[in-house]
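Student: Structure incoming, see below.
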Amino acid sequence: MATNNGLVYLIALPLFGALSLLLLGRRADKWGHLLATALSASSFGVGLIQLSGMLGRSTESRPVTQKLFSWISVGSFNVDASLLLDQLSICFVLLITGVGTLIHIYSISYMSHDHDRRRFFAYLNLFIAAMLLLVLGDSYLNLYVGWEGVGLASYLLIGFWNQKPAYATASKKAFVMNRIGDMGLSFAIMIAFASLGTVSFAGVKEHAHHASESTMTAIGIMLLVAAVGKSAQFPLQAWLGDAMAGPTPVSALIHAATMVTAGVYLIVRSNFVFDAAPTAQLLVVIVGAITLMFGALVGTAKDDIKKALAASTMSQIGYMILGAGLGPAGYAFAIMHLLTHGFFKAGMFLGAGSVMHGMNDEVNMRKYGALRKFMPITFITFGLGYLAIIGVPPFAGFYSKDMLIETAFNAGGIKGILLGSTALLGAAITAFYMTRVMILTFTSSKRWDDSQHPHESPILMWLPMAILAIGSVTSGFLLSRGSALKNWLEPLFESHGEHEELLSPMVVSGLALLMVAIGVAIAVMKYQLSDVDSVAPVDVSVFTRIARRDLLQDDINEALFMRPGQVITAALVKVDESVVDGAVRGIGQMAIGSGTSLRKTQTGFVRSYAMLILVGAAALITAIWVVTQ
Amino acid sequence: MNINNYLYLSAILFTIGAVGVVVRRNAIVVFMCVELMLNAANLTLVTFSRINGTLDGQVVAFFTMVVAACEVVVGLAIIVTIYRSRRSASIDDASLLKR
């Protein structure tokens with residue numbers, strides 16, 4: 001494989017930004033945000049140069065590597081810190097740096113009133129660097145470094161306003177739940193090392209064919225656990241909603257466009273593992289299907305605009321995981337949905353941030369309404385993203401989601417029908433809740449009081465939204481034209497025989513559009529044609545109540561894990577106090593007790609000491625006499 | 001005269017001294033009893049020197065006398081100081097170190 005010494009700059013530029021902003025401190029307050037944005041943009045430039053170089057080469061010689069240094073060298077086990085840029089990584093590199101740069105630009109204005117803006121930009125750059133390391137690492141161990149790095153950046157940014165205890169708790173929650181996933185990844189690395197003797201992608205791929213299926217299944221399941229944690233999939237999904245405590249650009253970049261899709265990247269990158277482990281692959285599909293319904297259902301009940309979008313993110317990533325679990329047929333479509341989702345969801349989050357900016361940080365959609373007139377640009381860009389996510393042709397989501405639904409139907413047998421119908425139903429619910437968000441925010445009657453003065457955001461904020469909106473409109477068409485992305489990624493995956501088609505593409509598209517139309521119609525009837533309360537109604541069905549509580553995710557986690565955990569902790573504290581501390585204190589007490597009783601012999605009277613000496617001497621002499629006789 | 005009589009005498013003197021140390025309260029008397037015990041020991045040393053026909057015991061007896069002289073100097077000084085500060089020569093009163 002060819003070597004290219006330019007890869008390191010992709011990571012080094014934002015990393016330099018993060019370090020210099022953090023180390024220079026307040027001295028960088030005036031220009032820190034500009035430096036960070038410029039570095040992120042130049043990293044994007046390096047990515048574009050790499051892409052053009054890659055396009056100029058033949059298919060086999062497209063991947064390039066760069067060895068940075070020899071990291072671990074123990075006997076026959078060698079791990080280099082080296083980077084690998086292939087057809088899959090370049091998609092991510094451009095998504096991360098491109099969307100990342102737009103969000104940097106947006107944040108210059110969005111965070112302009114925050115006196116800690118420099119620290120914010122340092123963390124953003126840190127995130128970009130870590131995420132690039134994640135997608136550029138050429139082994140699971142290198143990926144792991146980036147994996148932990150994005151976890152750290154996510155933690156720091158969710159808790160950016162950690163003066164509010166609830167936000168600090170949210171960041172801690174995200175970190176702890178992510179740790180469970182991280183443990184899965186480290187187990188996967190350990191299993192790969194113990195049974196295959198290698199942790200690099202190429203090495204594991206080489207062994208994948210002749211290793212036992214149980215080994216591959218074990219690695220696959222552990223990788224799935226990792227993906228589930230990072231991508232907020234069922235059953236580790238509970239942190240994503242609370243992660244919205246972070247500033248909105250963070251939600252757009254980390255918790256919609258890039259970091260949460262790392263799980264999809266991991267599964268697609270490990271395609272050779274999952275192809276060799278059908279059981280693990282089936283689990284991936286099941287997780288994806290459950291999560292896409294879970295997120296969609298939660299999304300229907302949320303009144304907080306950011307939480308509604310977060311639930312939608314969860315659901316859309318469910319689609320991607322579902323696609324990634326469908327094997328070689330689905331990998332390319334999972335990545336395609338990931339890329340289009342990166343555009344429209346980031347755009348919508350920025351739109352939500354723009355609305356909050358104009359509405360004094362109000363997030364409750366029931367207190368919005370009729371904002372179309374006041375924020376025309378936000379309305380249009382958000383609306384384009386909305387059309388993209390519900391899958392109206394010719395917007396981006398139509399192409400990517402349709403492909404996923406079609407692939408799901410074609411998975412074969414009862415499995416295909418179940419998955420396909422789940423995906424279709426998910427599409428209908430997506431259309432419903434996104435229409436609800438749209439209507440509640442922009443078109444329904446005004447529900448805010450006169451203390452609010454909604455206004456359009458400055459150009460630095462709407463320009464990134466507009467660019468992302470253009471992406472939401474065109475990316476699907478461009479990526480699917482002539483199966484462009486599919487052919488681009490093809491060399492990375494095992495070739496596969498064509499499945500017989502259960503339903504023709506036209507029928508699937510027709511069904512999907514019908515479901516979307518039903519979803520939109522219900523939402524319009526419920527929210528546009530009838531009045532909306534500005535306070536959430538309380539006399540609602542038990543289902544609504546459960547959905548508002550995130551399908552009881554926190555209640556279940558608390559009942560199953562937190563409370564028993566607390567009981568175990570309390571018991572351990574008791575054991576520690578009584579057994580461990582008891583032993584230590586007992587030894588002390590014993591020494592004190594024996595000292596006290598021996599002290600009684602120390603009367604302080606010289607005569608008694610003399611008596612003791614005398615008796616002792618007499619006893620000694622007697623003893624010697626007895627012994628020597 | 002039987003040479004063992006010297007040993008009996010020294011044993012009696014030593015016992016008198018020891019009993020004196022244990023039962024008497026006056027520091028001066030206790031001190032004199034200690035001296036009595038030392039001299040009883042000296043008598044034993046000298047007697048054994050005579051029995052064995054060597055000079056070792058007599059040499060040690062001289063050492064004991066020197067040590068006893070030093071002890072008298074230091075001991076009397078302490079007793080006098082205690083008497084000055086406490087107006088008492090009873091050794092039972094001088095038990096400050098216990099507390």
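From the backbone N, Cα and C atoms, a Cβ is placed for every residue, glycine too.
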Student: To which of the residue ranges A:31-51, A:304-324, A:346-366 does TrEMBL assign the term transmembrane segment?
Tutor: A:31-51
Student: What are the DSSP helix/strand/coil residue counts across the domain 'NADH-Ubiquinone oxidoreductase (complex I) chain 5 N-terminal' (A:71-121)?
Tutor: 29 helix, 13 strand, 9 coil
Student: Counting CB pairs under 8 Å, which listed stretch among A:143-162, A:250-268, A:280-301, A:374-396, A:459-482 touches the transmembrane segment (A:87-108) the most?
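Tutor: The stretch I would name here is A:250-268.
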Student: Taking the transmembrane segment (A:416-439) as reference, which of A:143-162, A:280-301, A:374-396, A:459-482 has the most Cβ pairs under 8 angstroms?
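Tutor: Between the candidates A:143-162, A:280-301, A:374-396, A:459-482, the best contact partner of the transmembrane segment (A:416-439) is A:280-301.
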